């Protein structure tokens, strides 16, 4: 039978104890989505689904007001600022807006304003498009920009001043007359749709992460640690509000006059903003801008209505997390029905197999949609990331009629299946167990939803990332052959697998590397010398360089020490791979691998899967044919004062490098860890040791100076 999602309890029938449980569930879920949206710039659900969660939370809190507490999302704004940027306290909180989803809710908002102000007539209202971007506060002192901050949790944001100075729409100096001594001016950072598409194309071509929508790209670009990255992104800014103002630049200030002043001061103000004098005017603007929505060069997700007179705004004040004098009239999520013709599998650069729905073209929100992501096998089967049913547990099949929604108005997703129209012969989709690009086995590890290609060394879809890993510092570490060179050589077809690196010199009569821009005879000669120097390599570096899933530097060293030599390692791996079956592996070789301290089932299975793929073996054999010697692993001693001890190095070491210290400790039988815990035996502290030293003292861990460490290990 098909699993059914347990329906949310009806609010009308909720008892107080059940309401308390439901509120806790909703609060935790909303807080998680707030973090994904405000901190990670990666929302996990559509705006419509998020709004539905909030409306349910608000409805329950209205029924049980005694259950409202200060930590509820209805009493807070956004999410706490991330740790990567300095914190900034907003002089005036940056609150969020209440939402309206229907015309009568807008009318109710205006009536509430009239009642509160005791007005006979509808006050003038400013209507403006609600830009789907990232809120920003700009502080000016004597007309000069001194600080820029994100909204954060509404009270404390992140200092992004250096990045904001690269946005052309943000003036460093305010123009015109009547400039306040101090003012906080606010607006939205966004990205034009065409700029977003161009950026994603560049990201994809460079093998970098692509953004889900313009809002995410704007937020991610603004919150870059490298200001040059932000400067390279086409960010825009609309000004529409303010916080602290030492003085207003005009008598009897109003919202629309302040927007005019912002325009004169050097900001870009949205030209669509309109002054309305009735509810009918406001709703007419909403419908008009909704019709223009698809043709606008930027994304909007609704309309914001604000009482025009600032003295009225001041009298109206605020309720918990939002002002009484403004409301957001949200657009409904745009959906359409179409037929899913085919499910294709794409292979990512890390080997992940991702299903994509090929749809009969359909217009959703003014955009023609032909593809939609299906995420993974579980999503197709109707199972969410938490293991619970989604879409009422209904699976997705080729030939299905489906409802498509543009999440965040950009990413198409399938939200439901029209079961009444499912073809009689539609079969459940069977996820492929082979990579569609290279034909290698695909595996799905326990606890994961993703299938991955095991053709690590030979799959074209993974080639560039695997080659970058192969030449990385902890692997072959070839001087002069970094990521950019790998990308160039792979793009030209010169290096497709690791062995090709070692044949560059022999092929250079045809390749002519010295004719490349930035190269010359000397640099090419140095590159070939560096490559030749790596024809002799340590066993643990070779194992790490293969890019086997879950085999990092530490596990590579464990494997190298256990088997000792390349021949012993390869012999054991081939024996284990030959014995691999769908039911498992009971061979002596596999059991020996699985029993290595620190390895375990997950790593052992990943290693065997790698060696079970014959084309990986061929690529490895081709590489080994180019190498001169693979050095046996240096066996750790067991007769030293630190054998079996866990050691952490922290601070600036003066007598040896961190890598030298680590290698020496491991040779003496110690385990070197990256963090301090109760299991740590020694912390070796150099100059400017920080939090690790503090934690060691708190836990009572023995702390040694460099000299004391050298004395302990016998210098």
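Cβ atoms here come from the backbone N, Cα and C positions, even for glycine.
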Would you identify which residue of 276, 453 Swiss-Prot lists as part of the Zn(2+) site it also attributes to 435, 438, 459?
453
Would you mind reading off the Cα separation of residue 130 (active site, N6-AMP-lysine intermediate) from residue 97 (NAD(+) binding site), to the nearest angstrom?
11
In Å, rounded, how far does the Cα of residue 97 (NAD(+) binding site) sit from the Cα of residue 453 (Zn(2+) binding site)?
46
Given the binding-site residues 49, 51, 151, 306, which one's Cα is the least distant from that of residue 459 (Zn(2+) binding site)?
49
Whole-number answer please: how many Å between the C-alpha atoms of residue 151 (NAD(+) binding site) and residue 453 (Zn(2+) binding site)?
41
Determine, for the Zn(2+) site, the additional residues of the same chain whose CB lies within 8 Å of the mean position of the CB atoms of 435, 438, 453, 459; present them in sequence order.
347, 351, 436, 437, 439, 440, 442, 454, 455, 458, 460, 461, 462
What is the separation, in Å, between the Cα atoms of residue 438 (Zn(2+) binding site) and residue 49 (NAD(+) binding site)?
39
Which one is closest to residue 453 (Zn(2+) binding site) in space, judged by CA to CA distance, out of the binding-site residues 49, 51, 306?
49
